[in-house]
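> This is the structure I want to talk about, given as structure tokens.
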Amino acid sequence: MSTYNFSAGPAVMPASVIAQIQAELPSMQGSGMSIMEISHRSALFDQIINNAEQDLRDLMAIPDNYRVLFFQGGGTLQFTAAPLNLATKHHNIGLLDSGHWASRAAEEARRVDTQVDILASAAATHFTTLPTLTTPVDQTLDYVHLTTNNTIEGTMYTKLPQTGTVPLVADMSSNFLGQTYDVSDFGMIFAGAQKNLGPAGLTIVIVRDDLIGHAQQLPSMLDYQLFADKRSMFNTPPVFAIYAAGLVLKWLKQQGGLTAIQAQNEQKAALLYDFLDQSTLFTNQVKPADRSTMNVPFVTGNPTLDAQVIAGATEQGLLNLKGHRLVGGMRASLYNAMPIAGVQALVDYLATFEKAHTKGDLTHVSN
Ligand SMILES: *Cc1c(COP(=O)(O)O)cnc(C)c1O
């Protein structure tokens with residue numbers, strides 16, 4: 001039985017990359033040592049990290065005045081690192097309250113004495129829409145924090161808010177490399193790898209070079225300027241995670257780059273949303289224009305039935321469809337490495353489930 005992994009993160013990686021890791025694991029490029037056993041100061045690793053950076057630059061067309069940094073600590077550490085490095089003038093940032101991860105970012109910024117102004121909130125619609133700016137942004141803010149894809153709520157920005165000269169700092173953790181953006185529209189982008197890039201343990205930071213180097217006396221492990229100067233090798237970087245992410249970046253190039261992968265993602269998402277929208281059993285509550293191509297939450301409205309959907313799916317090899325504990329129901333994550341065949345298998349399963357649970361059910365028939 002083939003299996004499809006709909007986990008929100010750590011998440012599915014390309015099957016060919018897993019096979020390559022397996023093949024190369026005992027001896028990296030004939031060295032007699034695995035990638036997990038080689039020095040991060042070796043010529044071998046130097047080539048791996050340099051290629052990974054170059055491939056990322058090619059894929060995203062990252063301008064030369066942006067630095068690419070390889071961090072640990074997940075997306076969560078960047079909720080602290082971003083204000084410490086970039087909110088140095090007024091210690092005051094703006095934030096679009098688009099759901100759980102935006103709130104977590106606000107919380108962590110406040111912990112390091114940064115004032116957080118909520119510029120817009122989608123709380124009133126229970127985050128089934130995106131918050132958008134209705135008034136001009138105060139130009140004295142150090143930056144505006146934006147979560148481009150809301151992993152739990154299933155919303156995604158395709159058009160960016162206009163912030164004037166105030167830099168946008170984007171938490172792109174769950175749609176990094178799944179949706180094209182113009183890097184020069186951002187002061188900084190960060191993304192934990194384990195959603196759409198590779199294994200956990202690696203976080204990518206892309207930051208405009210004029211924005212860094214203004215903070216005083218930061219802990220070394222949080223200092224963007226230091227990481228830039230040391231080419232992310234101030235200490236031991238996550239060697240294995242960088243290697244695996246590098247293979248995924250090569251795979252992305254083979255797929256035709258980000259424009260091609262985005263078209264595939266839109267096709268996969270449309271297949272599932274079209275099914276949900278005509279279904280009399282399942283619903284996705286997000287406003288169509290604000291829907292994510294990456295994470296699709298849906299419900300039957302009946303938690304007992306939801307549990308049956310998830311259990312039956314697992315039996316069919318459709319794995320990790322349980323919704324986030326904060327919202328319940330189901331969630332299908334359709335990251336880059338999810339093949340369209342996986343989405344088709346999910347839709348077929350849901351259609352069969354729906355038939356079995358509406359036939360002979362008088363409440364549904366009379367509706
Ligand atoms: C998962 C996620 C995070 C947190 O990532 P960690 O790597 O677990 O710290 C932050 N932001 C978004 C949008 C996420 O999806």
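Any Cβ shown, glycine's included, is placed from N, Cα and C.
Automatic, uncurated: that is what TrEMBL annotation is.
Annotation comment: TrEMBL describes R41 as L-glutamate binding site. Summarising the annotation, TrEMBL assigns pyridoxal 5'-phosphate binding site to G75, T76, W101, T151, D171, Q194, N235, T236. Residues or ranges marked as domain 'Aminotransferase class V' in TrEMBL: 3-346. The N6-(pyridoxal phosphate)lysine feature in TrEMBL is assigned to K195.
Looking at the shown structure, can you explain where the listed features end up?
Sequence-distant contacts of R41 (L-glutamate binding site), defined as residues of its own chain at least six apart whose C-beta falls under 8 angstroms from its C-beta, comprise M233.
For D171 (pyridoxal 5'-phosphate binding site), other Cβ atoms within 10 Å of its Cβ number 29. Reduced to three states, the DSSP call for D171 (pyridoxal 5'-phosphate binding site) is strand.
Around K195 (N6-(pyridoxal phosphate)lysine), taking its Cβ as the centre, 28 other Cβ atoms fall within 10 Å, counting all chains.
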> If you count the C-beta atoms lying within 10 Å of each candidate's C-beta, which of the binding-site residues W101, T151 ends up with the smallest number?
W101
> Please compute the mean pLDDT of the model over the domain 'Aminotransferase class V' (3-346).
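Averaging the confidence scores along the domain 'Aminotransferase class V' (3-346) gives 97.
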> Mind running the binding-site residues R41, T151, D171, N235, T236 against ligand 1 and keeping the ones whose CB falls under 6 Å of it?
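From R41, T151, D171, N235, T236, counting a Cβ under 6 Å from ligand 1 as near, the near ones are T151, D171.
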> Tell me which of the binding-site residues T76, N235, T236 sits in the most Cβ-dense spot, judged by other Cβ atoms within 10 Å.
T76
> Just checking a number: largest C-alpha distance across G75, T76, W101, T151, D171, Q194, N235, T236 for the pyridoxal 5'-phosphate site, rounded to a whole Å.
31
